[in-house]
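Participant: This is the structure I have questions about; it appears just below.
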Amino acid sequence: MPDEKATQPPLVRLRNLSKHFGEGETRVDALRDVSLDVQAGEVIALLGPSGSGKTTLLNIIGCILDPSSGTMELDGELVLRDGRWVRPNLRRLRLDKIGFIFQFHNLMPFLDATDNVALVLQLAGADSREARLRALELLDYLEVGNRRRSMPAQLSGGEAQRVAIARALANQPRIILADEPTAALDSKRAGIVMDLLRKVAVERDAAIIAVTHDEKIFDRFDKIFNLRDGRLDV
Amino acid sequence: MNLAYRDIRHGLGRFLLTCVGLGLLLGVVLAMIGIYRGLVVEALTIARAPAVDLWVVEANTRGPFAEASRIPADTREAIARIAGVVAAGSITYQTVEAEYQDRKLRLYVIGYEPTRPGGPPEIEEGHAIARSHFEMVADRSSGLVLKDRVRLGRDTFTVIGSTRQQVSSGGDPVVYITLQDAQKLQFDLAPPAARIQMARGGTGSSGRDTVNAVVARLHPNASPDAVAETVQRWKHLAAVTQEEQELILTRSLVDRARRQIGLFTSLLLAVSAVIIALIIYTMTMEKLKQIATLKLIGAPDRTIIGMIVQQALALGLIGFAIGATLIASIKDYFPRRVVLEPDNVLALGVIVVVVCLLASALGVRAALRIDPATALGG
């Protein structure tokens with residue numbers, strides 16, 4: 001299997017990615033020549049002190065921040081060349097190919113668990129019935145099917161994060177970006193969430209990139225990358 | 001999935017409370033518009049009641065409403081003989097305070113000749129004046145009912161008929177009595193003053209043969225201006241057409257009050273617009289994180305714009321409906337007339353919709369400028 005994976009193109013390929021803010025004396029280099037390959041099925045962590053460029057890197061991979069230079073391919077598609085986006089409609093790209101998991105779940109407070117997941121499917125064009133069926137399947141898969149009618153405020157932190165993961169998986173993206181996914185959870189629930197993410201990565205052939213400071217889950221990652229002053233070290 | 005509807009349903013209590021607050025504000029705006037219209041309508045009521053074409057008054061005055069006017073009572077015969085005049089009637093106007101059920105009742109007394117123009121336009125209950133003396137037709141707003149007896153001056157009058165919505169420009173309820181009774185009420189001196197007058201060789205009556213105006217109905221083919229010109233050949237008389245009389249009432253008599261209310265209404269409308277804009281803008285600002293998340297997960301702008309605009313319109317229209325319903329149900333309890341004309345209500349509705357759209361444009365602008373990265377991190 002490892003050999004087979006090595007022959008596949010990486011789901012995320014970054015080459016010489018740089019990002020600076022400001023110019024002249026006020027210039028801050030957030031990322032310097034970052035190159036990274038993440039294969040399908042891999043769960044990797046981005047570590048680093050505050051201001052090291054972790055979130056900047058996550059934002060660029062999530063196509064919500066313009067880099068200064070570099071090239072990026074997502075799921076085999078060239079989306080960034082020499083610091084310029086070459087893929088039109090990045091929002092659609094995010095909807096179809098990237099799933100986001102947030103530190104504080106960011107579920108829509110006015111939608112129940114099922115509709116929070118179904119929303120993403122409907123945004124992608126699924127009809128209401130089909131979206132709800134798929135949402136229920138995902139909630140069952142993440143073992144929160146029993147809370148399908150619950151509003152986010154009625155869910156525990158772990159349940160809400162599982163619903164958020166279900167939402168991230170709704171459109172079957174192959175790239176999942178997680179921003180401190182376990183920061184708001186205790187160690188037991190953090191472990192459960194990481195196990196789920198690993199299960200998703202393996203069973204759905206997805207790449208998971210997580211920004212974290214949570215030492216208790218370091219052993220759940222395939223690779224850990226350290227960012228220091230905008231440079232990436234394995 | 002309608003996000004605006006789901007969001008409203010989720011915070012239904014708060015949304016409805018906001019709608020009620022906005023409804024009360026819009027209700028006040030609507031009430032002010034109604035009071036403004038009511039003032040104009042009330043001002044015109046008495047001038048329109050006799051359904052005449054020409055008002056003959058004292059020379060160099062714009063009587064009988066804007067200025068005092070006294071002309072000889074026999075003017076009516078002279079006017080009735082002018083070509084084009086179908087009917088003419090003498091008329092007097094005065095404000096009196098009467099005692100009624102241990103309280104002061106302020107009344108606007110109109111004296112008219114029962115068989116001639118100048119009487120009440122329509123009797124709602126009872127019948128018109130049939131006797132020469134001491135009968136009265138009173139407007140319902142006075143609180144007087146049939147068979148009530150009221151003392152005016154030195155005589156007691158019995159209510160034999162009632163009218164509806166007949167008030168003076170000052171809002172006082174109108175009562176109709178015969179011209180003779182009205183002249184006595186207006187021009188007869190009190191007994192002590194009459195005794196002094198008689199002792200000095202006078203008659204004891206200051207001018208029973210005087211009226212405030214003569215009103216005339218013209219033949220449909222007769223020109224009011226031409227008849228007015230004829231009347232003005234008598235140097236002691238002036239003639240005002242019905243159109244001019246209405247203009248005098250609205251532009252002169254109630255003009256300041258009208259402008260005052262008009263200005264206040266405009267101010268209130270501006271305040272309402274600002275408050276609507278603030279509510280909608282705040283509603284959007286409270287959802288910034290949700291909007292950022294929607295943008296991050298790939299929601300198109302139209303989804304976000306739709307949510308903001310639909311909520312703004314729902315807020316404005318529900319608030320407007322609450323305000324309009326409230327004022328429509330309580331308008332009759334106002335001490336003066338509140339006239340809600342459909343076109344005014346509709347115009348306010350359109351203004352509310354426009355304000356909501358403009359206000360939501362501010363919210364939409366803010367929402368579209370939100371960086372989706374805001375959704376990441378704490």
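Each residue's number is its place along the chain shown, starting with 1.
Any Cβ shown, glycine's included, is placed from N, Cα and C.
Automated prediction, rather than curation, is the source of TrEMBL annotations.
Marked as domain 'MacB-like periplasmic core' by TrEMBL: B:16-232. Sequence annotations record features per position, and here TrEMBL assigns domain 'ABC3 transporter permease C-terminal' to B:263-372. What TrEMBL lists as transmembrane segment is B:12-36, B:261-283, B:304-330, B:345-368.
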Participant: Give the nonlocal contacts of the transmembrane segment (B:261-283) in its own chain as ranges (CB under 8 Å, at least six residues past its ends).
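Facilitator: Distant contacts of the transmembrane segment (B:261-283): 18, 22, 25-26, 28-29, 32-33, 35-36, 39, 308, 311-312, 315-316, 319, 351-352, 355-356, 358-360, 362-363, 366.
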Participant: So what's the mean pLDDT when you look at the domain 'MacB-like periplasmic core' (B:16-232)?
Facilitator: 89
Participant: So, by DSSP, how many helix, strand and coil residues make up the domain 'ABC3 transporter permease C-terminal' (B:263-372)?
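Facilitator: Going by DSSP assignments, the domain 'ABC3 transporter permease C-terminal' (B:263-372) contains 94 helix, 0 strand, 16 coil.
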Participant: Looking only at residues six or more beyond either end of the transmembrane segment (B:304-330), which have a C-beta under 8 A from one in the stretch?
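Facilitator: Those are 2-5, 7-8, 15-16, 18-31, 34, 276, 279-280, 283-284, 291, 294-295, 338, 340, 345, 348-349, 352-353, 355-357, 359-360, 363-364, 367-368, in sequence order.
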